[in-house]
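If you check TrEMBL, you get these features:
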DOMAIN    B:172-431  domain 'FAD/NAD(P)-binding'
DOMAIN    B:530-612  domain 'SoxA A3'
DOMAIN    B:627-903  domain 'GCVT N-terminal'
DOMAIN    B:923-1008  domain 'Aminomethyltransferase C-terminal'
Amino acid sequence: MLIIDCPWCGKRPEIEFRYGGEAHIARPADPSALSDEEWADFLYNRTNPKGLHAERWRHIHGCGRYFNALRDTVSDFFVTTYKAGEARPEHPRPDVEGSGT
Amino acid sequence: MTNRFRTPSGGRIDRAAPVSFRFDGQTFSGFKGDTLASALIANGVHLVGRSFKYHRPRGFLSAGSDEPNALVNVARDAARSAPNLRATQVEIYQGLKASSQNRWPSLAFDAGAVNDLASPFLPSGFYYKTFMWPAGAWKRFYEPKIRAMAGLGVAPTVPDPDRYTQNYAYCDVLVVGAGPAGLAAALAASENGAKVWLADEQAELGGSLLSETSATIEGMPAAEWLKATLATLAARDNVTLLPRTTAFGYFPHNLIALAERVTEHLAAPGADLPRERLWKLRAKEVVIAAGALERPLVFPDNDRPGVLLADSGRTYLNRYGAKPGERAVVFTACDAGYRAALDLKAGGVTIAAIADLRAEVSGELPARALAAGIDVRPSTVVVGTKGRLRVASAQLAKVKNGQVGPAETIACDVVLMSGGFTPSVHLFSQSRGKLTWDVASGAYLPGTSVERERSAGAARGVYGLQRVLEDGYAQGEAAALASRDFASPARGTTPAPAASSRAFPAVADDLGADGFIGATPHGRNPALAKAFVDWQNDVTSKDIQLATREGMRSIEHVKRYTTTGMATDQGKTSNMNALGIVSEALGESVPKIGLTTFRPPFTPTTFGIFAGEARGDLFDPVRKTAIHDWAAEHGAAFEDVSLWKRAHYFPRAGEGGRMEDMHAAVARECRAVRASVGIFDASTLGKIEVVGPDAAEFMNRIYTNAWAKLEPGRLRYGVMLREDGFVMDDGVVGRLSHDRFHVTTTTGGAPRVLAHMEDYLQTEWPDLDVWLTSTTEQWSVIAVQGPKAREVLRPLLPDIDLSKDAFPHMSVREGSILGVPTRLFSVSFTGELGFEVNVPAEYGRAVWEAIYASGERFGITPYGTETMHVLRAEKGYIIVGQETDGTATPDDVNLGWAVGKAKKDFVGKRSLARAAMSAPDRKQLVGLRTADPKLVLEEGAQIVADPKAPVPVPMLGFVTSSYASAVLGHSIALAVIKGGRARIGQKLSVPMADRVIEVEVVEPVFYDPKGERLNA
């Protein structure tokens, strides 16, 4: 069972959290301006990468907050977590990369 | 029976404490400290089971948790009956009752052994190839027969009365395995200030030291050193010792699952003790000191009772004082066979011969064997054994230039074999560490780590008592130091080889690193010789060779095709030999063939320990409303709605004192609501308080409806969509003030709706100043429905003007009822004049009783969810999840009116604009009438235009709700049908198994279509 570092509460076991899908997919400001294809792309298409994946998690049995995480989908390890609204870290800090903390 | 094979002295058993026990109905005696296996061996019993597939007689192969054969059932009583326990791990106690498995009618004569004679017809893949015809016979005939014939133990049929507990724990360093490496690691880690847990699966801590009779450590005999070391560790406050505790699972971030068997070994377990404890231990660092497992040799008839691993034979003698036989043949590929032979000879067992696979036999142990006068035969193999239920002789033959010479028969009652040792890398592999193939020792060793762990001693291929002790100490010290700096990275690293800061001068036999994997040559007709690789699943070398001939190349395929390594022992004794055979058959090196992944659990683990306290009443939480007990006292039948208990209906005694059935009760309740007044507990409705300056804007975005113009004091029926445009939930929403909404949701949907709202609020619109609070448990909701509802409530609500003009339908007023604050809704889910009284839950029952008392003059009738369903269906009101299935738009279920067309945006709006969402052939909600008014359709039944159309008959839709309506005098149904609204008036068909039911498509509102009663 992974330990996930909630940016608000700190390290907690995985069972306190719920997965929330890919991060940084903003709801369009004016959906009506989008074509059907563009809207379908927003609704359904996700990157599904092999490797680093930015994704949303919610500390549902804790503070209740959504936050974002970078997780390696190959190893299932969290590289880092950050608050919702913050930009995806471009270069994960070398001292935490791979540490899973 | 006597302990004929017990040595006169020695061993770790307590000879002052005799223990009598029963095996297959026969009484035996042993001593405290015996396992079932050692006690049976001391009594000369080796036949303890029948094999899985061929029903061949089987004895003990090993002395530990790797035992594949000796699976027994131990039963204290009918409920406390545990199948498939390894006799090598079962500690005997006074009165223990054990029995063998997989035999009929008896162990000595087993009818299933005919499979052995038929074995030429049972090759690998036999099941895949054979039981394919005729279609359907697998389920009806083959599978039940095969399951009856094969198989392991029998599960008890009564509930387990014992208690199992689950505990979380934390430590700095967990040491798995209390052999020499683990003990030294625990010493080092605890001396460096770490909080240490030391767990071992055996009853006694000590590992291989428990079988040592001649070795010395730091000048002391091994047993004395062990005693002193355990005392030292036990005296340290920072050390926790856990015998009988298996580290069975290694999960991410060093979460180790430990199964502690607390009472299994006790004759009379105390009632205060759980039977087993599950420890969910989070360790900062882990030292895996799991030792190594001895490999069998794969030669014909190597499964006969009396053929066992050499070091296990030595353990039975040295640790338990139980001689595995009187005359032994040893077959070995390494020096372990010599060590066992020398110890057994010293214990009074005749060593008839040592057959050594190796051509060159040198070194100290062989020299000692020769000096002791043992017949040592290099380049010699065992090509077979004889004996019906026990080995009686072994056939030995010389191997010269790869050719097996003529066999010589040597009488014996035990054959000891050793193919060398395999490091126990199971936990390391579970931790997802990468194994590397070590050419020198011919073994897979722990390579790159993923978790914060390190292996020590034989588990990483370090052999020799002194080297193992010093390696253990070094790894324990390194682990303790690493645990101080918990934040440092550990993943993807290989622990640097650490040097021990403490020397452990030890004198012990050096076994070297020789060994063999694969099948040994035998020169016999391969069709008739069975050389077992996997004892538990009855896989022979021939099966594995056949799999490679049939095209299997990867060990993963060979494993699944032959089932080798797939038994409950996970191939502890078989995996490496299977690899060796595949490697030889394909002419590829072992690392090219690969290695299957080890998965939890290390050894079979009880369901009880996983269930813990989560059983019976504690399996799932039960939610009850404040009015629950009143309903129970008034005879309600309850139904489960998500976790809630809801009153389903309130049966009354009818004519002749007979209780009404549900149909009669519901008919009476429905009539009462329509004619006078009913009272209903709606407390389970989900409730969310939406508060803040931007609350109305938030509601506008989340719901389809327009909220901005809803005045405080008014209610509105709200519809919520997912972003894909499909109905997600619905509920009545009250606006209490410009910045406060009282939102209700479906009973089952409350958490989902709140999470959906939080998601948008937190991540899409964090700029909105809104607060969401779940208030489901805070409010009791009492629905008073029917033409007399106003008169029932009026005396209780002097402060609120209930008149039609002052308090119209779909309004909310705040006030007090009986001095209790209330939010009063004028709302109806029945089609009658109705109110919902919200009061704080702690006053729910009192207010309910007061309303009930006030309604008695009108014959107020409590009704349950079934009546609620009938009444709402008569009005065509939908239930989300019943009329909708996640693919219904608001328009599909006639809720188009609730969509705010003028709103620029709301969740799901853009999706509704897709052409397909308004296609005319979408399934639309309609009503159905059956030609026979008494006939009630089945919910879920399919609807077609022409039941005689050629198959596949086009399906138009299906029935979503269906009831007998007592008020209307005929059955009613709701359905979703393609282009349904355009079909109103049409006749369609509902084909059932026994007949075709004709239905007419009608408007979905069956009762009071103009809604006049609502505003009465």
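Heads up, the Cβ atoms here are built off N, Cα and C, so glycines get one too.
Automatic prediction, not curation, is the source of TrEMBL annotations.
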Quiz item: Under a Cβ pair cut-off of under 8 Å, which of the recorded stretches B:172-431, B:530-612, B:627-903 contacts the domain 'Aminomethyltransferase C-terminal' (B:923-1008) most often?
Solution: B:627-903
Quiz prompt | Stretch-averaged pLDDT - the domain 'SoxA A3' (B:530-612) | solution = 93
Quiz item: What does DSSP give as the helix, strand and coil breakdown of the domain 'Aminomethyltransferase C-terminal' (B:923-1008)?
Solution: 4 helix, 41 strand, 41 coil
Self-check item: Counts of helix, strand and coil residues, the domain 'SoxA A3' (B:530-612), according to DSSP
Solution: 38 helix, 6 strand, 39 coil
